[in-house]
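Have a look at the structure below before the remarks.
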Amino acid sequence: MAARLAGLAVVLGFAARGPAPGGAAKMKVVEEPNTFGLNNPFLPQTSRLQPKRDPSPVSGPAHLSRLSGKCFSLVESTYKYELCPFHNVTQHEQTFRWNAYSGILGIWHEWEITNNTFRGMWMRDGDACQSRSRQSKVELTCGKSNRLAHVSEPSTCVYALTFETPLVCHPHSLLVYPTLPAALQQRWDQLEQDLVDELITAQGYEKSLRAIFEDAGYLKTSEPNEAAQQEGGTKGLRFETLESCQEAHKALSQEIKRLQGVLTQHGVPYGKPTETPSSEHWGPQVPTAGMAEPLRGDPGLRGDTL
């Protein structure tokens, strides 16, 4: 009873003091920071990224598959880059601004193969950047540990990443041939023999070799409008840089000279477009009796008469 009376006295004492002064305000205690805004830094970064598609299946050297499911980060300046091999590359601005940038720089797409060696991983179909999608190339280099060592942007919307790993230190760790199943290895062996026997041209060899890599899942099948399918892309785009266009032109010029040499060697007449009157270009062409069948350059097969 005494305790109840004491409590009642305390309550009456506070009530007697009257309301708080006009200048005072009640303080509201906030236990958690707000998470309003798409790019709020307190929001988990992965929850606000919307990829355009799923990544391609894991492929390539079997010993690299252990990198799948792992992520490696690097902070440069005010940005944090995160590489998840065989998944994607993301970029996050390290700031508390409400509109801090977070985006996808590419989703795992295919390998880059040069001289029959895995040279890099292409991450494509990232977030929109001007008139196209962001994309990244990941170069694998030998290192003491798995780590994302460097990130740069050599051209607009195209990023270059260097990933160090002890998994590629062996000189044969990135060779393509040993990773292929037996059936595709046999196709490659036959292709090499056909090239030696001059049953196919160099162009046909490269085309057939790419088909082997596509069947293995290392490269994606090229589509006519693949570049245009990227958001905001330009229709009919074939070369991303002037250097790649010049290299392709040089390779075609060399192939033309080589084929002209073969025709001359076998006595097959041919005319240069610059020396042929315009009327002959558009007029009907009547094949000459006994003339050897011309080379069929697209499939890369040579005529039997050669």
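Residue positions begin at 1 at the first shown residue.
Cβ atoms are placed via backbone N, Cα and C, with glycine included.
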Worksheet entry | As recorded in Swiss-Prot, which of C157, C169 forms the disulphide with C129 | C157
Item to complete: For the domain 'DMAP1-binding' (176-279), provide the mean pLDDT of the predicted model.
Response: 79
Item to complete: Would you kindly give the Cα-Cα distance separating N88 (N-linked glycosylation site) and C129 (disulfide bond), rounded to the nearest Å?
Response: 16
Discussion item. I'm trying to understand the geometry here, so how far is the Cα atom of C71 (disulfide bond) from the Cα atom of N88 (N-linked glycosylation site), in Å to the nearest whole number?
Written reply: 9
Worksheet item: In sequence order, which residues at least six apart in the same chain have a CB under 8 Å from the CB of N88 (N-linked glycosylation site)?
Response: P51, P55, I104, L105, G106, I107, W108, M123, G126
Worksheet item: Hey, which of the disulfide-bonded residues C84, C142 is the loneliest by Cβ count within 10 Å?
Response: C142
Item to complete: Count the other Cβ atoms sitting within 10 Å of the Cβ of C157 (disulfide bond), across every protein chain shown.
Response: 19
